[in-house]
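> The structure follows.
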Amino acid sequence: MTPLAALDYASVIVFAISGALAASRAQLDLVGFAFVACLTAVGGGTLRDVLLNRDAVFWIADPTYIVIACLVAAVVFFTAHLFESRQKALLWADAVALSVAVVAGAGVALKLGQPPVIVALMGVATGCFGGMMRDVVCNEVPLILKHGELYASAALAGPLALLLASHFELSRFLGFAICAIVTFILRAGSLAWGWSLPVYKSRPPKN
Amino acid sequence: MTPLAALDYASVIVFAISGALAASRAQLDLVGFAFVACLTAVGGGTLRDVLLNRDAVFWIADPTYIVIACLVAAVVFFTAHLFESRQKALLWADAVALSVAVVAGAGVALKLGQPPVIVALMGVATGCFGGMMRDVVCNEVPLILKHGELYASAALAGPLALLLASHFELSRFLGFAICAIVTFILRAGSLAWGWSLPVYKSRPPKN
Amino acid sequence: MTPLAALDYASVIVFAISGALAASRAQLDLVGFAFVACLTAVGGGTLRDVLLNRDAVFWIADPTYIVIACLVAAVVFFTAHLFESRQKALLWADAVALSVAVVAGAGVALKLGQPPVIVALMGVATGCFGGMMRDVVCNEVPLILKHGELYASAALAGPLALLLASHFELSRFLGFAICAIVTFILRAGSLAWGWSLPVYKSRPPKN
């Protein structure tokens, strides 16, 4: 298994958990759990593969990803009541998944020799799209839009760190690790201690 | 006309009806009717063709589909007031369309020699995506999310029946018929008699 | 720079403005501004390129588009408070962007030798999709759905005029200009003087 495939597997598992937790909040049945888990798990990578025009979407080339997402959905269906707060569990699963998926997106673009802007953007798109689909489909406000939180910013900082690491010719593995860690620290800091960037404040009353 | 093209035509017509009925509930004008009808009618098949990387999206290869969806929209624009309950008509049109589109999705994947997991998933995706776009764009709760209803489950049961039929080497036509009938019976049973699968119930208060 | 590339640049700039203004209404941070601006700016053209199966999506072939959308987002972040009404500015930026993007979509389809139905539809899809993504992601009612306004109709009238111009063998440049002007006049008339098409009115109480 290549490192990039391992990253795809890891992000599929954690995003599937976050999708299934969202399904539990929407009180769906077992098939509904599997549907939202699959959508969240493969959404970002599918967008990446379609945009980069790869030969085949990763989960069509290897359907194991779908089987895994369905198994995860089933496990969560029977165990979600064990979590003290499912919303909190969802947020942290999403943070881990974001960190891994950002690397999976930026890494593929880097390997295909795309220019830096596209590497950064593929990281952001792959990281954010699955969770965005989950929130739109489950009728929740997309996490990416909660103001006063780092989300897109965390997903952008990771790929930028990866590009820097690649510029200084660090090993690919080290670059991937740095990318995931930077993303996770920023997102976790935002969840745990309220880190944020200044948001736009309208001076005149909002219209 | 191949059987698979006939299925695409049939699902385009019935999904266009459901899209135009949704447009009537949102009180759009004639062009708005055509827009939502087209989006609903070709949404699922477009997703299927893009994901499976087919040479051309089906309605670009043959624009007749679009012409048909627009004609259907025009007919509904002038006749929707004849329905006693447009919401009920929408639900039943959607049920028929789902049953046909599920076959159109799973059938194409089967013909392309995809593995069973992908056949099942393409059935679900092709069946559910158009209606999901319709509901998201029209700001209604996606049918797929109404808890206590069979929707994704019905869309999954059909392709599973098709795979079984294909395993026992029934004729393709028989397999398609079984797939559509299984999907429709489950969805209709849910609409008419409230059939459902057990949904996730949180033991602690919902958070 | 070809005329079609110039159209892509122009529509990217004006859609990025409308996206950033929507971000200001959602009170996002600088990276959130850039995210919504990019999504709105390239959404329609991306859909066009994926559907028409072009070799590469336009902003992956030339990432300058993304850089421009990010710069626009930064400028709006620091100047949006100067607008008397950001909602009004958004509506007019969207109207200009719609007019330009409609040409960019229909023009590419025309150049690829697509049949008239597809030319018209690519105009509508390219024009409307970016703004629709912006509104769905920012949790606002999609402009395309506001009843009693011309939106999809304006986006359809432009490509029809282009097809007419092309039928009478007017120069390509003239056809593009007519297409943009027809779209803009209809949309502007709707914004300024309330022009509209008759909408569907349910005779029995809405159900």
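Backbone N, Cα and C atoms are what each Cβ position is placed from, and that goes for glycine too.
What you are looking at is a predicted structure, and each value in this text was computed from that prediction instead of being measured.
When I checked TrEMBL for this same protein, it listed these features:
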type: DOMAIN; residues: C:6-80; note: domain 'Glycine transporter'
type: DOMAIN; residues: C:91-165; note: domain 'Glycine transporter'
type: TRANSMEM; residues: C:6-23; note: transmembrane segment
type: TRANSMEM; residues: C:30-51; note: transmembrane segment
type: TRANSMEM; residues: C:63-83; note: transmembrane segment
type: TRANSMEM; residues: C:90-110; note: transmembrane segment
type: TRANSMEM; residues: C:116-137; note: transmembrane segment
type: TRANSMEM; residues: C:149-168; note: transmembrane segment
type: TRANSMEM; residues: C:174-197; note: transmembrane segment
> Hey, which of C:90-110, C:149-168, C:174-197 has the most Cβ-Cβ pairs under 8 Å against the transmembrane segment (C:116-137)?
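The stretch I would name here is C:90-110.
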> Report, as numbers and ranges, every residue of the chain located at least six residues beyond the transmembrane segment (C:174-197) whose Cβ falls under 8 Å of a Cβ in that stretch; write 'none' if there are none.
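Distal contacts: 3, 7, 91-92, 95-96, 98-100, 102-103, 106-107, 123, 127, 148-151, 153-155, 157-159, 161-162, 165-166.
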> Apart from its near flanks, which chain residues at least 6 from the ends of the transmembrane segment (C:6-23) lie with a Cβ under 8 angstroms of it?
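For the transmembrane segment (C:6-23), the nonlocal Cβ contacts are 32-33, 35-45, 58, 65, 68-69, 72-73, 76-77, 80, 83, 86, 89-90, 93-94, 96-97, 100-101, 103-104, 107, 130-131, 134-135, 138, 140, 176.
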